[in-house]
Amino acid sequence: MAKEDEEPGAHRGGSTCSRPQPGKGGRTAACCSRPKVAALIVGTLLFLTGIGAASWAIVTILLQSDQEPLYQVQLSPGDSRLAVFDKTEGTWRLLCSSRSNARVAGLGCEEMGFLRALAHSELDVRTAGANGTSGFFCVDEGGLPLAQRLLDVISVCDCPRGRFLTATCQDCGRRKLPVDRIVGGQDSSLGRWPWQVSLRYDGTHLCGGSLLSGDWVLTAAHCFPERNRVLSRWRVFAGAVARTSPHAVQLGVQAVIYHGGYLPFRDPTIDENSNDIALVHLSSSLPLTEYIQPVCLPAAGQALVDGKVCTVTGWGNTQFYGQQAMVLQEARVPIISNEVCNSPDFYGNQIKPKMFCAGYPEGGIDACQGDSGGPFVCEDSISGTSRWRLCGIVSWGTGCALARKPGVYTKVTDFREWIFKAIKTHSEASGMVTQP
């Protein structure tokens, strides 16, 4: 994490794991949307209709809000019933139980930004109650293998048996400890960013990363050049904010799955940094504690919001020519539109569609060397409760904290399907693996 630099011509290169410089020449939920409902409405609904029905009525009001809608797939906070919003009727429908419940539960969890479904079951609406929902959707089981969203494979039906699907998704994006608020560019504290990990090669911190689960880490592809591909020399450190903390949990690396479209790995002379994304599969699973927790992915179709202030964290250099931070740093920076970031005063058309910029036009606070691969997270409540989502991966930039040269990030929402496919396809792989 860097303060403003003294070298206006400097680039984010470095001898360890620098961010490479580029070459020269139907309504979606938004990252960090925050639904707001008056306490009077909530209290009235709870009193008049009961908690179950009120919860869905409240969610319906939020989803229909013109400003900050909830996501159209939700889990009931009471009994984990999976429900989908019917925009035509303006109501929630349950998913009729089928032989494909496991796959449907997995698709629903993934669509909401959870990594996977941990369990599923079914309930009878006649005994469990409708709880504010109205009717059913049935699943076209033949379309499931290619479906990316539940809406791709569901239609209104009668569901004669009256049995509906429930699901338990892997929890994510929530702190387990109460924390104080810190405003950018300062030391962090234990438990604030429990998904942040340190990737170290021969004991040296080279990159950051984000826990998606106890055994999968998302980071940047450029952290693994040819010189750093002996996986037995990599270690992943989690559960600490001080780089020398004796309390950190460390594990080895079984496999690295990197994007086959990351061009510098094909030809080192290429300076085009699209697809700068990689998954690290750990040799075993980390214990999840109040200091070690996974982050959520963006929900399917979730868009970035220009101007939204989110948080980047890392142990990178505090200045371009400075030393790496000994304590995890955090900074709140706003998302900059690609139109602005591609203007001649900024990066002049070097920002590709699957990238985005974040920072202040005047500079002053930014990610830097050693922050590469680390998380850019945004908080929202589109899943009914406040969660942090991994919206970006620290990728590249010119200098550190320079005016009109903000940090550039891999746009995670554009790689959701790549992530899910890589995890399912390469869970038993070892070594360096390419995923198209």
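Note that Cβ sites are derived from N, Cα and C of the backbone, with glycine treated the same way.
On a predicted model such as this, the values are computed, not experimentally measured, just so you know.
Marked as active site, charge relay system by Swiss-Prot on the basis of similarity to another entry: His222 (among others). Around His222 (active site, charge relay system), a 10 Å sphere centred on its CB holds 24 further CB atoms from the protein chains shown.
Under the DSSP three-state reduction, Asp276 (active site, charge relay system) is assigned to coil, being neither helix nor strand. Summarising the annotation, Swiss-Prot assigns active site, charge relay system to Asp276 (among others).
Within 10 Å of the C-beta atom of Ser372 (active site, charge relay system) sit 31 other C-beta atoms, taking all shown protein chains into account. What Swiss-Prot records for Ser372 (among others) is active site, charge relay system.
The DSSP secondary structure for Cys159 (disulfide bond) is coil. As annotated by Swiss-Prot, disulfide bond applies to Cys96-Cys159 (among others).
The Cβ neighbour count for Cys109 (disulfide bond), using a 10 Å radius over every protein chain in view, is 23. According to Swiss-Prot, the feature disulfide bond maps to Cys109-Cys169 (among others).
The disulfide bond annotation in Swiss-Prot covers Cys138-Cys157 (among others) and is backed by sequence analysis.
Per Swiss-Prot, the feature disulfide bond maps to Cys207-Cys223 (among others); the stated evidence is sequence analysis. Reduced to three states, the DSSP call for Cys223 (disulfide bond) is helix.
Counting every protein chain shown, the number of other Cβ atoms lying within 10 Å of the Cβ of Cys310 (disulfide bond) is 24. The annotation disulfide bond is assigned in Swiss-Prot to Cys310-Cys378 (among others).
According to Swiss-Prot, the feature disulfide bond maps to Cys341-Cys357 (among others), an assignment based on sequence analysis. Packing around Cys341 (disulfide bond) is summarised by its Cβ count: 26 other Cβ atoms lie within 10 angstroms of its Cβ, all protein chains included.
Per Swiss-Prot, the feature disulfide bond maps to Cys368-Cys400 (among others). Under the three-state DSSP scheme, Cys400 (disulfide bond) falls in the coil class.
Look at Swiss-Prot and you will find 182-424 tagged as domain 'Peptidase S1'.
If you look up Swiss-Prot, you'll see Asn131 marked as N-linked glycosylation site. When Cβ atoms from all protein chains are considered, those within 10 Å of Asn131 (N-linked glycosylation site) total 21, not counting its own.
The region 'Disordered' annotation in Swiss-Prot covers 1-29.
Across the fold, the C-alpha of Cys368 (disulfide bond) and the C-alpha of Cys378 (disulfide bond) stand 19 Å from each other. In this structure, Cys341 (disulfide bond) is part of a helix by DSSP. For Cys138 (disulfide bond) paired with Asp276 (active site, charge relay system), the C-alpha to C-alpha distance reads 38 Å. Here the C-alpha separation of Cys157 (disulfide bond) and Ser372 (active site, charge relay system) works out to 49 Å.
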